[in-house]
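What Swiss-Prot records for this protein:
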| type | residues | note |
| --- | --- | --- |
| MOD_RES | Met1 | blocked amino end (Met) |
| TOPO_DOM | 1-7 | topological domain 'Lumenal' |
| TRANSMEM | 8-23 | transmembrane segment |
| TOPO_DOM | 24-32 | topological domain 'Cytoplasmic' |
Amino acid sequence: METITYVFIFACIIALFFFAIFFREPPRITKK
């Protein structure tokens with residue numbers, strides 16, 4: 001059961017990284 005927890009944590013970290021990159025790379029979407 002520990003493997004599932006580790007995978008979940010890893011997935012969360014990757015998702016956070018992807019979100020950060022997506023929000024940081026294209027600043028044209030949030031152009032005010």
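Each residue, glycine too, has its Cβ placed from N, Cα and C.
The residues of the topological domain 'Lumenal' (1-7), classed with DSSP into helix (H, G, I), strand (E, B) and coil, number 6 helix, 0 strand, 1 coil. If one looks beyond the topological domain 'Lumenal' (1-7) by at least 6 residues along the same chain, no residue has a Cβ coming under 8 Å of a Cβ in the stretch.
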